[in-house]
Amino acid sequence: MTSIPKTPSRYRSRSDAKTPLTPSIISAFNSISISPQKRSHPADLSNPFITKSRQASPVKRATGGGVIVSDSFHRQAGGGVIRKGGIETRLDVVSRDYLPPTSQPRPELKRSRSTPATRERTQSTGDNRDRFITTREADDVAATLELMSLNPKTVSPGHTARLAAATGVPLNRRVLAYHEAPPASSSDSTLSQQRELARPLYGRPGELPSSTSSTTNKSRRIPTQPERVLDAPGMVDDFYLNLVSWSIQNVVAVALAESTYVWRADTGIVSHLSEAPEGTYVSSVDFSNDGAYLGIGLGTGEVELWDVEAGQKLRTMGGHQGQIAVLSWNAHILSSGCGDGSIWHHDVRVPRHKVMELLGHTGEVCGLKWRADGELLASGGNDNVVNIWDGRLGDVTEGARGQAKWTKRNHTAAVKAIAWCPWQSSLLASGGGTNDATVHVWNSGTGARLHSLKTPSQVTSIIWSPHKKEILTTHGYPTNAIMVHAYPSLERIAEIRDAHDSRVLYTAVGPAGDVVCTGAGDENLKFWRIWEGVGAKKKKEGKERSSSTRSGILSIR
């Protein structure tokens with residue numbers, strides 16, 4: 001006997017017959033007391049910032065009732081911009097982070113054949129960092145040890161004292177210290193012959209006839225010698241890294257292998273800020289917009305946040321699967337470029353720091369720069385691609401991703417040099433590596449390429465002059481030069497050939513916009529006065545030249 005299948009409940013028709021109420025049901029309804037109660041709405045699980053119970057940020061300062069919040073501050077907070085001045089100038093940074101689940105082992109990263117791995121090169125050149133400098137004066141060891149910053153947790157003071165006594169080298173004065181200028185490269189006949197033999201292999205249109213010459217336009221006189229040279233032992237010779245940053249408070253941060261140092265240009269004081277964990281190295285540094293915080297990228301994919309004035313680490317933000325070759329700040333957002341081609345936006349004010357991920361590169365991201373107004377972000381990578389991203393974060397949800405506004409593939413080598421024009425916000429300049437050696441200027445509004453300039457060697461960095469319509473570029477082998485070009489004609493104004501003994505890789509411009517700091521694999525930091533600051537008056541020949549920078553800064557002692 002076959003059974004008739006039942007009709008599913010969603011297809012059943014409602015019956016018109018009503019069930020009569022029994023006396024027991026009626027008495028139960030009468031006993032119910034109906035009173036208005038406040039309903040509790042469940043937390044919105046799609047928004048990570050709304051939870052049922054959330055602990056307050058441990059570093060966030062409590063505001064008392066005596067602080068008056070003005071209407072202008074309300075408007076600034078609503079617009080997402082906190083202006084400088086008053087109690088709201090410093091960021092409220094949390095120190096307890098969201099720990100993501102453990103991931104799988106990191107895959108091996110692909111690098112250019114011309115550049116070996118940074119970790120192997122750092123280990124192989126470890127002996128060179130401890131070279132003996134014969135020009136140092138043998139000071140009192142006891143006085144030197146008082147000035148040294150010893151960490152009793154990791155270093156034995158007795159061992160350090162014996163080491164300093166045996167070598168006779170005051171280690172704390174060897175880092176970012178003055179030293180005599182190296183001999184001219186022309187004095188080494190063997191090196192000159194090797195350069196002359198290799199020069200035709202790297203010859204490009206527009207290069208100078210000699211490998212040790214310099215040229216200056218008749219209308220401009222730029223000094224061909226640096227105003228100051230600092231010794232930076234352990235500086236890694238890696239094209240993809242970014243190891244120098246100059247803050248608005250006139251402080252220079254330099255990464256030397258596993259250590260990070262800060263040099264105050266006002267006083268010339270050098271202090272050791274941080275040490276990378278064992279087994280890794282510092283791959284990038286960048287100051288925040290107000291100069292109060294320093295972001296440090298590590299080879300393990302972590303980003304550290306440091307308070308420069310207090311010398312204290314505030315937090316460590318992890319999650320990347322490769323080294324952090326470049327960092328860039330925009331207010332409270334710290335963007336990091338990773339070796340796996342991803343770009344992350346970190347909000348330093350919240351525990352779950354990752355607020356957006358940008359995927360547009362297939363190679364290591366080595367160039368990254370926010371525009372001054374924070375509306376656009378430009379990036380360059382080892383895949384020869386330049387991307388321009390929309391700076392708006394949108395919905396702050398976990399796993400949010402952004403798409404590139406413009407993608408340019410005109411370069412034929414890795415793009416590390418990225419710079420926004422300070423006096424015309426729509427202009428973006430980018431420079432390519434050895435196989436390209438070309439500078440392109442883009443219109444970020446339309447995506448059009450406005451100008452192109454072929455250079456004699458790889459372009460390692462680009463700086464727009466804040467006071468003149470000029471562009472400064474630094475280059476690698478074989479010229480190792482600093483070049484200044486007029487804009488928009490791109491006519492060469494000046495060139496300093498062999499500015500370093502090796503390729504010029506790292507640059508930063510001072511807060512006054514007149515002095516440029518360059519770093520290279522020859523373990524030197526050099527300061528060049530390229531432009532005059534605002535309001536600087538020209539002096540007669542033989543008199544001291546005035547500058548917008550404070551008196552005594554960057555003067556040779």
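Note: Cβ is positioned from N, Cα and C throughout, glycine not excepted.
Database features (TrEMBL):
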REGION    1-61  region 'Disordered'
COMPBIAS  24-35  compositional bias 'Low complexity'
REGION    93-133  region 'Disordered'
COMPBIAS  118-133  compositional bias 'Basic and acidic residues'
REGION    200-227  region 'Disordered'
DOMAIN    230-528  domain 'CDC20/Fizzy WD40'
REPEAT    282-316  repeat 'WD'
REPEAT    358-390  repeat 'WD'
REPEAT    497-530  repeat 'WD'
REGION    538-557  region 'Disordered'
COMPBIAS  548-557  compositional bias 'Low complexity'
Would you list the DSSP helix, strand and coil counts for the residues of the repeat 'WD' (358-390)? 0 helix, 19 strand, 14 coil
For the repeat 'WD' (358-390), mean pLDDT (0 to 100): 94
Count up the helix, strand and coil residues in the repeat 'WD' (497-530) according to DSSP, in that order. 0 helix, 18 strand, 16 coil
